[in-house]
Amino acid sequence: MQKKTGVAILGSTGSIGTQALEVIEAYPDKFDLQVITAGKNAALLIEQAIRFQPNTVVITDESQYQYVKDTLWSHDIHVYCGEAALCQVVEATEIDVVLTALVGYAGLKPTLHAIWAKKNIALANKETLVVAGELVTTEAQRNGVNIYPVDSEHSAIFQCLVGEFHNKIEKIYLTASGGPFRGFTYEQLQIVTKAQALKHPNWDMGAKITIDSATMMNKGLEVIEAKWLFGLKPEQIDVIVHPQSVIHSLVQFEDGAMKAQMGVPDMKLPIQFALTYPNRWKTDFPRFNFMDYPQLTFQQPDRQLFKNLDLSYQAMEKGGTAACTLNAANEITVQAFLEEKIGFLDIAAINERVMRDMPVVFNPTLDDYVRMDKESRELAVKNISRL
Ligand SMILES: NC(=O)C1=CN([C@@H]2O[C@H](COP(=O)(O)OP(=O)(O)OC[C@H]3O[C@@H](n4cnc5c(N)ncnc54)[C@H](OP(=O)(O)O)[C@@H]3O)[C@@H](O)[C@H]2O)C=CC1
Ligand SMILES: CC(=O)[C@@H](O)[C@H](O)COP(=O)(O)O
Ligand SMILES: [Mn+2]
């Protein structure tokens, strides 16, 4: 009998995490769920732990540790809490692959620890590569670790590259839905609400990425993610708005041939492929029906109105800690928008100011990233208080 794949899911209570559990549940004889973790949602973590009986659970929010531990006392499950625990639990011998489904900068250190422990990574947490792509990809190479993309666009590119890894990429096109505010004017964007911004036209996702999609920062983060995953230069990465989100992205090779990967917008397929590469396992995921999509359309993104996309290209061109700064500012401004402390257009405006005013450290160490993340957050908070 073939050995089961030992899996750790960091962020099992989120949108990607819960869908990953559906994938795991469909193959009980092939996956061995070792670790699940949550930020604050203790109730769901407990429910998942009882259902899936992993070896270990972590609740990052320390105030909920006793509750989780007491509730799971009769189960043979290790319970830990805090950020440091995330970095430790990924190192367990039984784990083959770590799915990074937590959101934001919090993903960086656990991912690095998993890489240092020589675990393959199924990467949903794009911020890890945005913040520290240089360090993370170097460490992955040094440790012989594969990083399999989960993000739908990067999974699409990766699927197009299977059997083509020896061929040179001329260019890739990342498709963007354009978000809920595609086609809006400046005046309209001035008065959009949090509730409107949280309504993505095609995908049901966590709050932070949904706001990022609305500001097109998500596409900017994905451009940087693609640079590191596929070793591309900025001019080899283009963004095309495709409102239907059916073509998940495209690769153009040196002979001019283009390959695209398409399907209904459903994250379970990219999650599963990241866990089963190079194999495809039979699923009952929804199938594509051409008659549901009589027209697939394309347009240029509006880079003047959706400034975050350009800021991401600028950060990528600058290199060093520039993207770490942009990401930090964006995490603060998105949270402030979600708390209704700033308006929609303030997000990109403050991100731009923080990028302009923060120095850039080149050839950064992990300590440099940690410091620049902290200082960039502080500067973003200062900018918000000045509004
Ligand atoms: N959702 C999607 O379809 C897609 C998501 N992604 C990327 O995947 C990642 C996850 O996104 P998504 O699932 O939507 O996000 P969610 O907000 O739905 O879930 C985030 C998860 O991370 C946990 N978490 C949040 N903050 C922390 C923290 N500081 N420390 C530890 N754990 C934390 C949450 O725990 P809790 O809820 O218990 O507090 C939850 O389990 C993001 O980087 C996103 O950009 C990429 C492509 C598509
Ligand atoms: C599902 C996924 O991968 C998201 O990143 C999605 O692509 C967001 O949509 P936007 O194209 O609107 O950013
Ligand atoms: Mn995506």
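Glycine residues also receive a Cβ, built from the backbone N, Cα and C atoms like all the rest.
Curation does not apply to TrEMBL; its annotations are automatic.
Just one of His113, His200 is listed by TrEMBL for the same 1-deoxy-D-xylulose 5-phosphate site as Lys126, Ser152, Glu153, Ser177, Ser213, Asn218, Lys219, Glu222, and that one is His200. Residues Thr13, Gly14, Ser15, Ile16, Gly39, Lys40, Asn41, Asn125, Glu127 are given by TrEMBL as NADPH binders; from Gly179, Gly183, Gly206, that same site also lists Gly206. Around Glu222 (1-deoxy-D-xylulose 5-phosphate binding site), a 10 Å sphere centred on its CB holds 29 further CB atoms from the protein chains shown. Sorting the binding-site residues Asn41, Asn218 by the number of other Cβ atoms within 10 Å puts Asn218 first.
Selection of the binding-site residues Thr13, Gly39, Asn41, Glu127 by a Cβ distance under 6 Å from ligand 2 yields an empty set. Remark: Thr13 (NADPH binding site) has Ala38, Gly39, Asn41, Leu44, Leu45, Gln48 as non-local neighbours, by Cβ distance under 8 Å and separation of at least 6 in sequence. The domain '1-deoxy-D-xylulose 5-phosphate reductoisomerase C-terminal' (147-230): residue composition by secondary structure is 42 helix, 11 strand, 31 coil, according to DSSP. Listed in chain order, the extra residues whose Cβ falls within 8 Å of the Cβ center of the 1-deoxy-D-xylulose 5-phosphate site residues Lys126, Ser152, Glu153, Ser177, His200, Ser213, Asn218, Lys219, Glu222 are Asp151, Leu174, Ala176, Trp203, Ile209, Asp212, Leu221.
Cβ neighbour count for Lys126 (1-deoxy-D-xylulose 5-phosphate binding site) (all protein chains, 10 Å cutoff from its Cβ): 29.
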